[in-house]
Amino acid sequence: MDLKERIKSSPMTSFQVRAIAICFLLNMVDGYDVIIMPLSAPQVAAEFGVDDVLLGYLLSSSLIGMTIGAFALAPISDFLGRRNVMLIALILATAGMAIGALSPNLTVLFVSRIIAGIGVGGMVANLSVTVSEYSNRKHAALATGIYAAGYPVGATLGGALAGVIIANTGWREGFWLGCFITAALLVACVFLLPESYDYLIHKGGAKNKERLNKILPKMGQQPVERLPEVPKGEETTLGDLFKGVFGNGMWMQTLLAWIGYALISSSFYFANSWTTKIVADSAGDSNLGVTANVLYNAGGIFGSAIFGLIAIKIMPRRLLGLTMIFGAATYFLFGFFLNQTFAMMLVGMLAGMAAVAGVAGIYLIGPPLYPTKVRGAGFGWLMGIGRLASIAAPIIVGYVLAAGVEAANVYQMFAVPLLLAGVAFWLLGIVRKKQGFNPEPTHESQN
C-alpha cells in the first residue's frame with residue numbers, strides 16, 4: 001500500500017479536519033463576493049443611473065473575473081503549489097474589494113469586480129482540490145458537503161450583515177466589510193494553510209520531502225526517507241496538462257462534466273444575481289428582495305450538508321442526477337408562487353438547497369476525474385467553464401426582462417438546464433464504464 005492509499009484509508013486527524021475547516025472559511029469568501037453585488041444593485045443602479053441591461057453586465061463582472069481566475073490562475077497550482085496560488089488569490093480578492101469600495105464611477109466598479117473575481121476563481125478551484133486530497137475515503141462526501149456549505153454560509157450570514165450595513169450606511173460599506181474579511185483570512189492562511197501533500201509527493205525531491213515530513217506526522221503517518229527526484233525534462237508541461245485533461249479518451253468525460261456544471265451554474269447564478277431585484281420589483285419592497293436571496297442561500301447550507309450525508313450511502317453521481325430533477329421542480333414552482341410571499345420563500349429555500357447541493361456534487365466528483373499531475377488544471381478548467389456559463393445567465397436575463405418577459409417565466413425557463421445537467425451526469429457514468437473506469441469518480445484510485 002503506497003503512502004497516498006494509506007492516508008486515504010486511515011482515520012482523519014485533527015490536522016486534516018483543520019485544513020478542511022480553513023477551506024470552508026475561504027469558501028465563505030466566494031459566497032460573500034457573489035452576494036455583495038446583487039445586494040448593492042438597487043443603490044448602485046440609483047447612484048450611477050444603471051438600467052436592467054447594464055445592470056446585467058455589472059452583475060456578471062465578478063463572474064468574468066472568476067472565469068479568468070479558474071482558467072489562468074488555478075492551473076498554475078500544478079507548477080507553484082496549491083497554497084501559493086491560494087495566497088495570491090486572496091491578495092487579489094482583498095484588493096478588488098477595496099477598489100470597489102472606493103469606486104468613483106461604474107467603470108472602476110466593473111474593473112474592481114473582475115479583479116476580485118480573478119482571485120476568487122483561482123482560489124475556489126484549488127480549495128476543492130485541497131478538500132478532496134485531505135479527506136479520507138470514508139468521509140470524503142461529508143467533508144465536501146460541509147466545505148460546499150461555506151458558500152451559502154458566506155452568502156447568508158455575510159449577506160444578512162451586509163444587507164443591514166448597506167441599508168443603514170450605503171453600498172460602499174458592504175464592500176469594506178468584504179475587504180476586511182478577506183484580509184483577515186489572508187493573514188490566517190499565511191500561518192495555518194498547509195500545502196497539498198499530494199502535490200508534494202508528486203513533485204518529489206529533497207526539499208519537498210522535508211515539507212512533506214512536517215505534515216505526515218500530523219496525519220498519523222510515518223515520515224518518508226526519500227521522494228524520487230523528477231528527472232530534468234520530465235517536469236509537468238503545458239502539453240501535459242492538455243493531454244491529461246483531454247487525451248486518451250478523457251475528452252468525453254471532460255466534456256460531459258463541463259456541460260453538467262455549466263448548466264447548473266447558469267441556473268444557480270441567475271437566481272443568485274437576480275432574485276433580490278426581481279422579488280423587490282414584484283413586491284414593491286426592497287427588503288423582501290434581500291430576504292428572498294438570503295433564504296435562497298440559507299437553503300443551500302442545508303442542501304450541501306444533506307447531500308454530503310446522503311452521498312455516504314448513495315453513489316454521488318447518481319445522487320447528483322436526482323438532485324437536479326428536484327431542483328428543476330423547485331425553480332418551476334418558484335416562478336409559479338412569485339407573488340405569494342410565504343410559498344415563494346419556502347420554495348426559494350428548497351431551490352437553494354437543490355442548487356448548492358448540485359455544486360457540492362461537482363466539488364465531490366470533479367477533482368477525482370483527474371490525476372494529481374493535472375488536477376489543478378483539470379478541475380480549474382471545469383470551474384472556469386461553469387463560471388463562463390454563469391456570466392451569460394445574468395446578462396441574458398437582463399435582455400429578457402427588458403423585452404417584457406414575465407419574471408415568473410424566467411425562473412421556469414431555468415428549470416430546463418437543471419434537468420439537462422442530470423442527463424449529462426448520467427451519461428458521464430456510462431462513458432466512464434465503457435472506458436474501463438469506475439462509473440463513480442470518487443471510487444476511482446488516481447495517482
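Just so it is clear, glycine is given a Cβ too, placed from its N, Cα and C backbone atoms.
Cross-referencing 19-38, 319-338 with TrEMBL places the feature transmembrane segment at 319-338. With pairs at least 6 apart in sequence, the transmembrane segment (141-168) and the transmembrane segment (85-102) have fewer than 3 Cβ pairs within the 8 Å limit; the two do not touch. Per-residue pLDDT, averaged over the domain 'Major facilitator superfamily (MFS) profile' (19-433), rounds to 87. Beyond the ends of the transmembrane segment (108-129), by six or more residues, the same chain brings 23, 26-27, 29-30, 33, 37, 44, 48, 57-58, 61-70, 72-74, 76-77, 82, 85-86, 88-97, 99-100, 102, 144, 147, 178, 196, 363, 366-367, 375-376, 379-380, 382-384, 387 to within a C-beta distance below 8 angstroms of the stretch.
Highest Cβ contact count with the transmembrane segment (141-168) among the listed stretches 174-193, 294-312, 344-366, 410-431 falls to 294-312 (criterion: pairs under 8 Å).
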